[in-house]
Amino acid sequence: MSHRFINYDLEKVSSILIIYLGYSKFTASLWAEFFTVAILAAYLYAGITGIQALYANFDAKMLLPPDSKSIEGVQIMNEIVWPDYLGINYIMRKPPNFSNPLEYRSFMAMVKEIEASKNSLGAEATMHWVKDYLRYLANPSASKLDVIFGISGPEANDSVYLEQGNLGLDMSQFDAFISTDPYIAWKSGIRYNRNFHNQRVLFYKFVFLTQKNFRFMTEITSMLLMIGYNNITSLASKAEMLRSCREICVRYAEYDMAPFGTDAELVDVILSVPSTTANTVLFTIGATGVVFFIFSLNFIISVLATLCVISICTGVIGFLQILGCFLDPFLMATIIISAGLSVDYAVHILINYLKNDCSDKTQRINASFEACALPLLQAGLSTFLVMFPVLFSPVGIYSLISKAVLLTVIFGLFHGLFVMPVILTFLPVGLTRGLICYLKG
């Protein structure tokens with residue numbers, strides 16, 4: 001009975017070795033090289049196209065089960081509130097001297113530029129104290145109800161704006177304005193000082209003068225500029241809009257402005273994810289090449305290992321986008337994990353090929369398959385079977401992790417058991433020999 005089992009095991013081993021030998025002959029053939037070039041070209045094209053279409057976003061629904069009531073709140077914000085109106089507060093820490101015609105005109109030009117920017121609702125949705133102050137100057141005796149239900153003011157006429165800009169802003173009525181209801185509400189959005197100046201220091205003719213040859217000078221030290229936007233449907237579009245707001249603030253650096261909106265911290269995360277992901281992946285790939293060279297002492301093999309990791313990461317990232325994923329902190333973490341896992345699929349076949357000193361390429365790659373092909377395949381399949389059920393998880397982040405790991409396994413096995421062997425058999429033997437082989441020779 002024991003002899004029968006031994007013979008059966010020998011037959012199984014013999015059949016596996018025959019498969020290895022036949023597959024080794026195929027990988028060393030010219031047809032395999034053509035097939036590899038065609039498959040890699042299509043694979044890399046799809047991966048690179050997916051990476052180019054990848055965009056940064058953050059969706060809170062990724063963290064929530066499908067029956068969570070919070071999902072409805074997220075949908076209301078994304079589909080109803082933000083598309084209709086989204087307010088951004090520009091905090092201006094160095095406002096202009098509104099009494100100075102040049103500075104006042106520069107301020108109004110900046111406001112018009114912001115109102116003309118993408119997704120802006122225009123002047124109708126813009127709020128700042130200057131508009132209400134001009135309205136007050138036009139009708140100081142207007143009641144609160146008149147203001148609430150709308151009265152005609154200078155801000156409704158561009159020619160009045162232009163005329164006022166030629167003179168600067170008359171600040172002599174500012175105290176009365178800021179103390180009148182409903183304009184008193186601007187006290188929470190303005191910081192200002194009242195300074196005394198001697199009459200002999202001539203400034204502008206409309207500055208209020210006291211009987212004691214002194215005059216008051218109102219200096220706005222900080223203020224809010226509130227701009228309305230629409231057609232914002234996600235945190236990604238909100239991040240893009242806030243980026244353009246910051247670019248305007250940079251162009252008008254003399255005002256020391258900063259745009260602020262809700263979810264600003266998440267917007268900053270979204271804006272930083274692409275660069276952080278790229279830098280981390282590049283560092284991981286570079287570290288892989290350096291470490292592999294230290295242990296192999298073969299530059300060509302180290303380059304192949306690095307290129308293999310790059311190719312696997314390209315496919316994983318690109319196909320994740322094709323599967324409907326976007327770049328967020330969760331995807332960034334899975335990409336880094338994929339970069340780490342993809343190293344294993346290249347290392348095993350390359351190291352075993354490097355250690356073998358056989359001069360025949362077919363026998364050399366066959367020996368490498370005998371050493372690591374079956375364990376590599378078993379490890380990949382076991383990982384695939386474990387992560388496959390997670391793909392159908394109702395929580396988005398779990399499904400995302402499963403997609404990344406499954407793609408890493410598929411592309412890793414493809415590179416480790418097919419692409420790398422074909423490339424190794426294509427290269428001259430002298431370029432793929434390790435230091436130990438040279439010492440033996």
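Placed from the backbone N, Cα and C atoms, the Cβ positions cover glycine too.
Pulled from TrEMBL, these are the features on record:
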TRANSMEM  34-55  transmembrane segment
TRANSMEM  278-297  transmembrane segment
TRANSMEM  304-324  transmembrane segment
TRANSMEM  330-351  transmembrane segment
TRANSMEM  372-392  transmembrane segment
TRANSMEM  404-431  transmembrane segment
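Below 8 angstroms of C-beta separation, residues 236, 311, 314-322, 326-327, 411, 418-419, 422-423 of the same chain, each at least six residues beyond the ends of the transmembrane segment (34-55), sit close to that stretch. Distant neighbours of the transmembrane segment (278-297): 303, 305-306, 309-310, 313, 332, 335-336, 339-340, 343, 347, 350-351, 354, 434-435; these residues of the same chain sit at least 6 beyond its ends, with a Cβ under 8 Å from one of its Cβ atoms.
Outside the transmembrane segment (304-324), and at least 6 residues removed from its termini, the chain residues within Cβ reach (under 8 Å) are 40, 43-44, 46-51, 53-54, 281, 284-286, 288-289, 292, 331, 334-335, 338-339, 342-343, 345-347, 350, 400, 403-404, 407-408, 411-412, 415-416, 419-420, 423-424. Long-range contacts of the transmembrane segment (404-431) within its own chain (CB-CB distance under 8 A, at least 6 residues past either end) are made by residues 24, 27-28, 32-33, 36, 40, 43, 300, 304, 308, 311-312, 315-316, 319-320, 331, 334-335, 337-338, 341-342, 344-346, 348-350, 353, 359, 361-362, 364-365, 368-369, 373, 376-377, 380, 383-384, 387-388, 391.
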